[in-house]
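In Swiss-Prot this protein carries:
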type	residues	note
BINDING	166-173, 191-195, 213-216, 284-287, 315-317	GTP binding site
BINDING	Ser173, Thr193	Mg(2+) binding site
DOMAIN	1-159	domain 'Obg'
DOMAIN	160-334	domain 'OBG-type G'
REGION	337-364	region 'Disordered'
Amino acid sequence: MKFVDEAYIDIAAGDGGSGCVSFSHEKYKEFGGPNGGDGGRGGHVYAVADINLNTLVDFRFSRRHEARNGGHGMGSDMFGAKGDDIILKMPVGTILTDAETGEVLFELLVPGEQILIAKGGDGGFGNLRFKSSTNRAPRSKTPGWPGDRKSLKLELKVLADVGLLGMPNAGKSTFISAVSNARPRIADYPFTTLHPNLGVVRVGPEQSFVVADLPGLIEGASEGAGLGHLFLRHLQRTRLLLHIVDLAPFDEGVDPVAQAKAIVGELKKYDEALYKKPRWLVLNKLDMIDADERAAVVKDFVKRFKFKGPVFEISALTREGCEQLVKTIYQHVKKVQKSEQPEEEVDPRFIELPPEPAKPASSD
């Protein structure tokens, strides 16, 4: 399922350092020649396509990025140090456009691709550059050139790693709000979610996955009933489905098992491949069940539902069980991502040979 993630950033390459006016001062040499060095180049700003990233969420909290200025020139023909470059890691598929004109400037399409997005300014000239046959003692220098400055809009079509399934009011929006940066509209009535909600779940530094909360499915969704049929087709691109079930519905006449079977039935009717996609069962709203009754309720549900896959017990409202579920999801997503990457071709000229066997010690 694809969504458009976007962020705005301001980047500034480093300015070049100024040149230096200096003359040599040597013993017994009253009028030394010019020896002022040039300024150093300002740092560049690069963007690199990182296959381990899948959203632009980090750039929402870190908008301004500046490279270092170049050092100033010095005497004794010493040039200024060049400014340090900075490299911004972005997901593969990121499109960089000019925030003011809308012109597409760059696209990161290949994993590992690195592009120069802001060039550092050249260093200024020292007075050594101005020496001539008619001017043996120049006192001229030039300042460094300014580095590029740009306001960029970053856009990324995000592929959701995890799709949430469930009847209306199963607690999907509460779950995505509890574990991610998404803030969906939540209320105690069905069909609160009218559009897909996208959330980025942060597990650690540069460790995240994307989860999509879809409008609740109802029986007949595969044939066009309700809201869910509009989004069923997008689930085919996800790597994992979480089937969230309300174990404690407000209406005591509602059977959670029957509802869960209806969801599975819609998947099977719509697409056999979607039905066979990895699907985990998440039993929600444990906080609504007495602690001494939980084990029996869960056991009864799993037995009647006849589910053979992984089962997780959580309360999205109190976040009980959510942390462990998130860690397990991340491990699964990374495993699938790794299996999807093509194997690197090995140049036969550089295959590492096994070490030679040790020679037996000679006996004297």
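Keep in mind that glycine also has a Cβ here, set from the backbone N, Cα and C atoms.
According to its DSSP assignment, Ser315 (GTP binding site) is in a strand.
Residue density at Lys172 (GTP binding site): 31 other Cβ atoms are found within 10 A of its Cβ, drawing on all protein chains shown.
On the backbone, the CA of Gly166 (GTP binding site) and the CA of Ser173 (Mg(2+) binding site) stand 10 Å apart. The secondary structure of Ser173 (Mg(2+) binding site), as reduced to three states from DSSP, is helical. Between the C-alpha atoms of Ser315 (GTP binding site) and Ser173 (Mg(2+) binding site), the distance comes to 12 Å. Confidence annotation: the domain 'Obg' (1-159) carries a mean pLDDT of 88 in the model. Rounded to the nearest whole angstrom, the C-alpha distance between Lys285 (GTP binding site) and Ser173 (Mg(2+) binding site) is 13. Counting Cβ atoms from all protein chains shown, Asn169 (GTP binding site) has 21 others lying within 10 Å of its own Cβ. Within 10 Å of the C-beta of Ser173 (Mg(2+) binding site) we count 24 further C-beta atoms, all protein chains included. Neighbour density for Ser315 (GTP binding site): within 10 A of its CB lie 22 other CB atoms from the protein chains shown. Gly166 (GTP binding site) carries neither a helix nor a strand DSSP state and counts as coil.
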